[in-house]
Number of protein chains: 2
Amino acid sequence: MNRWIMGALALAGWITTGMAQAQELIVEKKIFELPSFTTQSGRTLKQVRVGWESYGTLNADKSNAVLICHFFSGNSHAAGKYAAADPQPGYWDAIIGPGKAIDTDRYFVIASDTLVNLNTGDPKTTTTGPASIDPDTGKPYGLDFPVVTVRDFVEVQKALVESLGIKRLALVAGPSMGSLQTFEWAVSHPEMVAKAMPVIGAAEADAMLIGWLDVWAAPILVDPDWNGGDYYGKAPPLAGLAKALTAVTLQANHQDWANATFGRRPAKEGEEPGKALANRFQVQSVLDNAGMARAKLSDANHFLYLIKANQLFAAGGISLADGMAKIRAPMLYITQPKDLVFTPDMVARTVKAAQDAGRDVTHVTIDGVRGHLDGVMSMKQAEGAIRAFLAK
Amino acid sequence: MNRWIMGALALAGWITTGMAQAQELIVEKKIFELPSFTTQSGRTLKQVRVGWESYGTLNADKSNAVLICHFFSGNSHAAGKYAAADPQPGYWDAIIGPGKAIDTDRYFVIASDTLVNLNTGDPKTTTTGPASIDPDTGKPYGLDFPVVTVRDFVEVQKALVESLGIKRLALVAGPSMGSLQTFEWAVSHPEMVAKAMPVIGAAEADAMLIGWLDVWAAPILVDPDWNGGDYYGKAPPLAGLAKALTAVTLQANHQDWANATFGRRPAKEGEEPGKALANRFQVQSVLDNAGMARAKLSDANHFLYLIKANQLFAAGGISLADGMAKIRAPMLYITQPKDLVFTPDMVARTVKAAQDAGRDVTHVTIDGVRGHLDGVMSMKQAEGAIRAFLAK
C-alpha cells in the first residue's frame, strides 16, 4: 500500500500515526446487549447490541473509568491491537495505553460502538441499525428503523457503563462525532461526567454542516441500488456509498495535505487527464479507490442514519447557551484550526457559549496538514495538555 | 419567491444585488458561429456556436473593447435586461453599464457563452457541447464530444472578438470560472490583453479543488438516468444533476450566510427533523429545491465537461511560474477571503507567483456573507478599485 492510499484510508481508523510501543495493549472485542431500548424518537427496540473494548483495570471503588466515543466512520477500536501482528493499533493509541496521556495503568478505558455504526461488514464491529434483523419480523429493519440521535448513542453507552457498576466517569472523550457524544454526555448526565475532552467537534451542528452532510449523502440517494433503503439480500448501493465516503475523506482532510501529497499528477503515467474524459488526476483515483474499499465494509442506510444523527445534533437537544449551562465537568476542548468539517467559527461559538455560561473550559489547538483528521491522527501533540488536564 | 430561495438561486445569476438604475441597458442576445473549430485535444468540430451580448459602442479604432467571461453555472448575460420588465439584470450589472465602473458610455463590453455551457434549457443561452447535434451524425454528441479546456473557451472568444475587427482588448475580466478564462487570456494571448481583472479565482486548480469538483459531479455519475452520458431523447439524470447543483450552491456560499439565513429551523413548521427520516431542516429543502429548479434548465453532460475543464485548468497549460512570466497585462485581482471554492491559500499562491514574476498585480478583497458568491453579487464594493485600475 503506497503512502497516498495510506493517507486517504486513515479516516477509517485503519491506520494511525501512533508509533509502535514497547508495551502494547492486546485487546478483545466484547458485546453488550440491552433486551430493550427506547429511542428519543419513542420507539422501543429489542435486543440492542453494541461492541465494546476496554483497556486497563477497573479499580475497587469503580472511580477510574474513562469512556472514549468514536468518530463518524470509526468504531470502538480506540487503542491497542487484537493481535501483536495487527498492522495498526486503534485510532487513538497515541494517547491511550500504559504510561500514555490517558494512562491505562491508572484508568479503566471503555470504548463502544455506536448505534447505526457504519462498519457493518467489519467482523470487529457490532451495532444495531437498519441492517440489523428486527426480532419481530426476522428481517432487516431497513428504513423502518427509527431515527436515532447522539443522545441515543449516549444512553446505550450509559447502560453499558452502569452494567459494569460504574456510577461516574473520570473522563468522557472522543474526536469528531465522538466529541458530539462527549458534549451530549456532559449536558445530559452532568452528574456522571467528572471531566470532558471533546476533540475536533462542536456542541451544535450549524446550518452549513447540515448542508454539507447532505452533500455527503447525495450519491447514495441517487444510486438505484439504494432502492429507498430496501436492498438487503440484493445488490447494495456500492457506487453511491463509495462516492459518499470519497466526499467524507476529502472534507475530513485539508488542501495542505491534498496539494502536498498529489499535486496535479495524473493517476497513470502517460494517461494525461486532458486527453480523455476518463483519464484522471491521482487525487481523484486515490480518493475513489479509498471510498470503494470502505464502501465494501459499510452499510449505506447506516451512513444515512449517521448523517441524520449528526444533522440533528445540538447538545441536550436545547440551545447552545442552555446546554452549556447544564455542564458541570471541566472541559479540555481540542480543535484544529484547519478543520473543514467543524469549522473554526463553529468552534468559536462553542467556546464562547461555554465561557459565557461560566464553564471551566481549556481550549487548545493542534496543528498539521490533515485538518479535521489531525484530531484522530495527530493527537500525540496534545499529550501534555491531556496529562495536565487529567492531573488537575 | 421568499428571500431564502432568492439567496440560494443567486448562483444562477438569475438574481443579483445590482440595484435598478435610472438608465437601464436593454440588450439582445446574438449568436456567433465558427464553421470549424479545433480543440486543444485535437478534434475538429463543425458549426460551433456560442451566444453573446454587447453593451456600449465599439469606437472607430476598435480600442475600447472589454471582454467579460462567465462563471461555472452562468452565461453571457453579464449586464442589462432583455426587456425593461425583466425582474433582474445580468449578474455583474452593478459594475457594468452607463456611468458604472466598467462604463458602457466609454467601453464596448462583450460577453459570450462558453462551450459546454450548463444552461442548455435556457433559450437565452447558445452553446456547443455534448447536448448539441453533431452535424456529421444528426445526433447529439453525448460523450463523443471531445474534452474541452478553458483554453478552448478562450479560443472561441478570440475568434468572436477578431470577427468584430478587434485586435486588442482594453480589459478581460470575469468571476470564478470567468477568472480562469481571464488568466488564460492573459497568459496565452498577452499581446491582446491590455488589462486583466480576474475575480474570485486562481491561476491554477489545486488538488483539493480537483477533489471538490469530483464531489460535485458524483451524484450525476451514480444516477441511472445518466446512462454513461447517453440520455438524449430519454429521461435525463435530473435527480443527480439537482444534487450536483445543490453541492455547487452550498460551496459557493459561506456558513455566515447559511447560519444567518436558515439557522436550525425545520423546513416545515410542526415537522421536526428528529421525528422522521424524511423531515428536514430548511437549509436542506431550500438548497434541494434550488438545485432541482436549476437542473431542469441544465444538462448533466455539460456539467461533467465543465468539471473536467475546471480540473484541467492551469493557466497556459504550464506551471504557475511559467504562466505568470508570460503575462504582460497589469492585473486587478479581486478575491473574497471567505471563498470556499478558490480558497485563500490558492489565491495567495497566485499572488505570490505573479509578484515573483514581477507582474503588475493589485490584489484587493471584498467582503460579505456569501463567500465565493460575493464575487458575483457584491461587486459594487470593488467599484472604486475598478475605476482606479481602468484609469491608470
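A Cβ is built for glycine as well, from the same backbone N, Cα and C atoms used for every other residue.
Note: TrEMBL annotation is automatic and uncurated.
Taken verbatim from TrEMBL:
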type	residues	note
SIGNAL	A:1-22	signal peptide
DOMAIN	A:65-348	domain 'AB hydrolase-1'
ACT_SITE	A:Ser176	active site, nucleophile
ACT_SITE	A:Asp339	active site
ACT_SITE	A:His372	active site
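Sequence-distant contacts (6 or more apart, same chain, Cβ under 8 Å) of A:Asp339 (active site) comprise A:Ile200, A:Val347, A:Gly371, A:His372, A:Gly375. Looking only at the domain 'AB hydrolase-1' (A:65-348), the predicted model's pLDDT averages out at 98.
Same-chain residues at least 6 positions away in sequence with a Cβ under 8 Å from that of A:Ser176 (active site, nucleophile) are, in sequence order, A:Phe71, A:Phe72, A:Val199, A:Ile200, A:Gly201, A:Ala252, A:Val341, A:Phe342, A:His372, A:Gly375, A:Val376.
In the three-state DSSP classification, A:Ser176 (active site, nucleophile) falls within coil.
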